[in-house]
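Reviewing the structure listed below.
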Amino acid sequence: MFSPPEPIYTVSGIRAIEERAKPQADPTLMERAGRVAAEEAVRLTMDRPGTVLIACGPGNNGGDGFVMARRLLQARRPVVVAFAGKTERLPADARAALEAWHEAGGETLSELPDPPAEGWALVVDALFGIGLQRPLEAPYTNWIDTLNALPGPRLAIDIPSGLDANTGRSLGRAFRATHTLSFIALKPGLLTLDGPDHAGAVTVRTLDVDPEALLPAEGQRLRPSMFREHLVPRPFNTHKGSFGDAGIIGGANGMNGAALLAGRAALKLGAGRIFVGMMDRDAPAVDLMQPELMLRAPAVVLDAAGVLALGPGLGLADEARRMMERALPLDIPLILDADALNLIAEDHRLEQICAGRRAATILTPHPAEAGRLLGSDAASVQADRLGAAAGLARRFNALIALKGCGTVVAAPDERWWINCTGHPGMATAGMGDVLTGLVTALIAQHWPLESALIAAVHLHGAAADRLAREGVGPIGLTSGEVIDAARAVFNAWIVQAATPLPESA
Ligand SMILES: NC(=O)C1=CN([C@@H]2O[C@H](COP(=O)(O)OP(=O)(O)OC[C@H]3O[C@@H](n4cnc5c(N)ncnc54)[C@H](OP(=O)(O)O)[C@@H]3O)[C@@H](O)[C@H]2O)[C@@H](O)CC1
Ligand SMILES: Nc1ncnc2c1ncn2[C@@H]1O[C@H](COP(=O)(O)OP(=O)(O)O)[C@@H](O)[C@H]1O
Ligand SMILES: [K+]
């Protein structure tokens with residue numbers, strides 16, 4: 001549960017590590033990669049006798065495949081290699097690996113063979129790794145279509161072919177793996193956008209290289225160990241004033257529910273008092289499902305809150321704009337979501353006030369909101385989620401959570417994290433409002449901003465994962481259900497964090 005965060009590197013980072021590790025590497029990194037890939041194949045086919053198919057490409061990813069094939073053959077495992085490249089154009093290491101494969105008695109086919117009657121025991125994709133340069137075309141797209149149509153386990157070597165290792169975009173076509181064995185360290189593309197749909201279960205083998213000793217981690221996969229120090233039981237001698245006054249402003253006509261969901265999430269994650277400012281003058285005076293929430297006029301909430309979230313159901317009316325004008329200069333932490341972001345995107349003056357704030361700011365855009373803030377669009381944001389999140393963090397001098405599959409959290413000082421909890425059942429109205437409430441509650445309880453944001457993002461997904469395991473969703477999961485599950489997961493984390501490690505650990 002509290003395993004250390006895992007480093008993530010972009011392609012240039014992995015290349016730099018490789019350069020530094022290579023001179024000392026004996027056996028070579030490719031030899032090590034092929035060996036661990038063969039081990040993984042043996043593991044995946046423990047109860048599946050039969051032939052392993054390895055599709056090898058024109059670069060070093062193909063070289064890994066040749067080493068893997070040789071190792072499997074030496075272990076008396078039937079293996080068939082199809083090579084989609086030209087021997088004379090292979091890089092030196094890969095060419096040596098092909099020669100060693102042939103010397104060991106192996107053969108290469110130039111086309112993908114038909115599967116045997118009993119099917120392949122395992123299909124291995126060693127076509128392209130981190131050297132993919134451009135969208136795939138025929139014949140590679142045909143190879144990948146054929147491989148993707150085969151039943152049984154499918155293992156990608158380093159990264160599924162066709163997936164951009166930096167962005168997670170499928171370039172033209174991408175291999176759909178059930179398992180990915182990635183070398184040295186995680187790459188962002190495995191964890192965000194199209195990555196999780198193509199990578200399956202991801203395992204990292206470092207090849208006996210300590211990446212962080214050679215290059216500081218560029219990013220990290222989000223883990224509870226990163227905020228463990230704040231997961232502490234409450235002292236007995238406390239009162240509601242000890243846990244902060246959270247404000248939520250939103251809930252315009254037709255969108256009352258958004259502000260209430262955020263308020264309920266803040267309440268159930270432990271904020272001391274929650275004031276919800278409803279923009280809709282006809283909104284109910286009390287949330288009958290959650291009467292603990294104090295529904296007040298938005299202007300009253302501005303004065304009462306120690307931390308303020310603006311946006312859930314805020315609307316784009318002039319009143320909402322005026323509310324933003326009053327809130328942005330306040331010297332308290334602000335969480336800006338939904339229409340608060342849309343208002344800033346369409347008003348340069350608001351943008352300037354926001355970027356110049358002295359107190360801390362958190363923005364939680366989904367890709368379309370991020371696109372509006374950047375003056376681009378959702379597609380451009382999705383083409384480079386890390387770049388978009390980092391760009392927003394710099395532009396607004398704020399912490400950013402760019403939501404979606406593999407939420408990217410970015411800080412203004414260039415650090416970034418990718419979250420791997422959550423599932424597509426969360427793609428439902430109101431889910432972002434719940435996240436806003438969770439962040440607000442942790443800040444109200446005096447968590448440092450960065451820890452509050454990464455913890456809330458991780459918790460939000462972990463709560464949805466827990467519900468799915470219990471049969472609540474993934475499809476049809478509701479945002480309200482996630483609030484109760486987040487409370488349960490959060491309290492369980494605190495218990496686990498307080499449990500001392502066994503002596504032997
Ligand atoms: N880093 C490490 O530490 C270690 C790395 N190792 C392994 O090496 C892999 C990286 O190898 P790599 O650099 O040779 O790149 P790779 O992915 O095989 O592809 C390059 C080839 O593909 C071609 N090509 C590219 N795009 C194309 C397209 N769209 N359509 C068609 N062709 C395209 C490109 O040709 P070109 O662009 O010049 O036409 C070139 O021939 C890495 O993922 C890992 O598996 C391990 O051995 C040990 C440790
Ligand atoms: N496919 C997915 N995988 C993981 N998380 C997802 C997925 N789809 C949505 N989410 C999460 O659900 C939330 C949706 O937020 P948002 O788009 O703002 O919804 P809304 O505006 O309806 O409240 C975000 O936290 C997002 O990261
Ligand atoms: K691959």
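Each residue, glycine too, has its Cβ placed from N, Cα and C.
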Candidate sharing the AMP site with Lys403, Gly404, Cys405, Gly406, Thr407 (per TrEMBL), from Gly371, Gly375, Gly432, Gly437: Gly432
Same-site residue for K(+) (record: TrEMBL; known: Asn61, Ser161; options: Asp26, Asp125, Asp194, Asp197): Asp125
Mapped DSSP class for Asp125 (K(+) binding site), helix or strand or coil: strand
Among Asn60, Ile130, Gly313, which are recorded as binding-site residues, the nearest neighbour of Gly406 (AMP binding site) by Cα: Ile130
Binding-site residues whose CB lies under 6 angstroms from ligand 2, from Asn61, Gly63, Gln133, Gly313, Lys403: Lys403
Nearest recorded site to Asp125 (K(+) binding site) by CA-CA distance, among binding-site residues Asn60, Gln133, Gly313, Thr407, Gly432: Asn60
Sorted by sequence, non-Lys403, Gly404, Cys405, Gly406, Thr407, Gly432 residues with Cβ within 8 Å of centre, AMP: His366, Pro367, Ala401, Leu402, Val408, Asn419, Gly422
Max pairwise CA distance, angstrom, over record-listed AMP binders Lys403, Gly404, Cys405, Gly406, Thr407, Gly432: 14
Fewest other C-beta atoms within 10 angstroms, as judged across Gly313, Gly406, which are the binding-site residues: Gly406
